[in-house]
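Engineer: Found this in TrEMBL, in case it helps:
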type	residues	note
DOMAIN	2-211	domain 'SMP-30/Gluconolactonase/LRE-like region'
BINDING	Arg93, Asn95	substrate binding site
BINDING	Asn144, Asp198	divalent metal cation binding site
ACT_SITE	Asp198	active site, proton donor/acceptor
Amino acid sequence: HWDVATQNLYYVDINAGKLLRYNYNENKVYKAKIEGEDLAGFAIPVEGTTDQFAVGSGRRVVIVQWDGISETAKVIKTLFEVQTGDERFNGNRFNDGKCDPRGRLFAGTMRYVGDEFEHRYGELYKYEKGGKIEVVKSDVGISNGLAWNEKTKKFYYIDTTDYEVKEYDYNFETGKASNPKVVFNLRKTSPKDHLLPDGMTIDTDGNIYVA
């Protein structure tokens, strides 16, 4: 997450369970281990705070408190948990997550034990103010990049195992995505299957950038 006002980039070290901050003006990186957590799939600042972040850890989304300098960060509460009570999901974790321009949190799961391409047990979730949780998409392999274009009213989404970027019509008032279509397919543009789409962002001109 790029914070324009403070010129800071917030990001995670997934397998280390760490939250990091790159201060552009100082050209310096600060990092903190999240106490009690082994994984950190994403980190999103909580609106109205300067030291709280929604972090995907395992199959939970937790609120983490960090001053941006200390070497440790603390979980202060669990926001929600998904895919409980079913052994199929025991090897799953949250991967990428992002908020739409209205503040709705979208985050998806993937398998992280064994072959990620063997099963499609991942799901994309939407969390709204008030605690409402909705499954946006099931049958997901590796839930990944997310981006929105307010001008064209579009939502972009990546399931890495599909080798595609999909575009949806998006209603910003309701948070509903519909009419998916493929706008980029790596199987067609790449000679080898090992080139996979991962994270994604969008600029103010509507250009999408895919890792």
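Each residue, glycine too, has its Cβ placed from N, Cα and C.
Would you situate these features in the structure and describe their surroundings?
Structural biologist: For the domain 'SMP-30/Gluconolactonase/LRE-like region' (2-211), the model gives a mean pLDDT of 94.
Under the DSSP three-state reduction, Arg93 (substrate binding site) is assigned to strand.
In the three-state DSSP scheme, Asn144 (divalent metal cation binding site) falls into the strand class. In sequence order, Asn95, Asp96, Gly108, Met110, Ile158, Asp159, Thr160, Pro197, Asp198, Gly199, Met200 constitute the residues six or more apart from Asn144 (divalent metal cation binding site) in its chain with CB-CB distances below 8 Å.
A sphere of 10 angstroms centred on the C-beta of Asp198 (divalent metal cation binding site) encloses 13 other C-beta atoms. The secondary structure of Asp198 (divalent metal cation binding site), as reduced to three states from DSSP, is coil rather than helix or strand.
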Engineer: Taking 10 A as the limit, how many CB atoms besides its own sit near the CB of Asn95 (substrate binding site)?
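Structural biologist: For Asn95 (substrate binding site), the count of other Cβ atoms within 10 Å is 27.
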